[in-house]
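These come from TrEMBL:
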| type | residues | note |
| --- | --- | --- |
| TRANSMEM | 7-29 | transmembrane segment |
| TRANSMEM | 41-60 | transmembrane segment |
| TRANSMEM | 67-88 | transmembrane segment |
| TRANSMEM | 94-116 | transmembrane segment |
| TRANSMEM | 123-145 | transmembrane segment |
| TRANSMEM | 157-176 | transmembrane segment |
| TRANSMEM | 183-206 | transmembrane segment |
| TRANSMEM | 226-252 | transmembrane segment |
| TRANSMEM | 273-290 | transmembrane segment |
């Protein structure tokens, strides 16, 4: 349907849609646990890299893995507070030990969880999808006002820029046609960023000081340790993430017209579990399907994974 250049732009649009949610997790956790600048740089880099790996596990379908829907995986924001608590009360190694075990748990229960989910009536899955959308509203308003900790939070400038960007996206989606309509979000993001760069300026010092290449390093923060309380906590968080992912899967199923079977859900959960295990090994965090990208699939009208 689209050439390689247009497909690249559509992919960039998805990355930008999930980027803020994905990056805020390592930034908040690393800040709370007093990571050094070098550690923070690695944490953010490996986070983005592993988001790509986790997403690929869902897209490349085989007998054992991949749900085959245009789903994007990123770090689960619901894991932030428990991870900080584990890190402060125990150790960094306890965090990653618990993450690895929780990923193994998700991997193993995938077939059983998919059988249970089959019996959920549409009103239940519809409610989950609705709640997922509603939970994004406070996050969106917070970012629109300037973002967490901003000195000018809620200023007229921030609100004008945010609502102006939103209005531009709506107008392009309403009156644009074809590919222009499909990249309405990308155009809005770029236009808003350009306006902000000219009016307030954007500092790129952190980008210029960072190294060009960060290689994934297994157990960057040391070998994991295993504590029962930390493991149970992360397993509970993983179950919450599975429920959230279920809502995303069913929403995408409705949007794309692709009917999900129990085996499809099993492969989706199994991919999520493997992604969590890899996250623990490479010292990032648990993964879940991102609901903001579901809205982008609907908005852009591009409903295939290719």
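Indices start at 1 and increase along the chain as displayed.
Just so it is clear, glycine is given a Cβ too, placed from its N, Cα and C backbone atoms.
Tertiary neighbourhood of the transmembrane segment (226-252): same-chain residues 67, 69-71, 76, 78-79, 82-83, 85-86, 90, 94-95, 97-99, 101-103, 105-106, 113, 117, 125, 128-129, 131-132, 258, 260, 265, 268-269, 272, 276, 286-291, 294, 297, selected by CB-CB distance under 8 Å and a gap of 6+ residues from either end. Among the recorded stretches 41-60, 94-116, 157-176, the one sharing the largest number of Cβ pairs closer than 8 Å with the transmembrane segment (183-206) is 157-176.
Here the transmembrane segment (157-176) has Cβ contacts under 8 Å with residues 143-146, 150, 184-185, 187-189, 191-192, 195-196, 199-200, 299 of the same chain, all six or more residues outside its ends.
The list of residues near the transmembrane segment (67-88) in space but at least 6 beyond its ends in sequence, with Cβ under 8 angstroms from a Cβ of it, reads 14, 17-18, 21-22, 24-26, 28-29, 32-33, 47, 51, 54-55, 57-59, 61, 94-95, 98, 227, 230, 233-234, 237, 240-241, 244, 248-249, 252-253, 256, 258, 260, 264-265, 267-268, 271-272, 275, 279, 284-290, 293, 297, 302-305.
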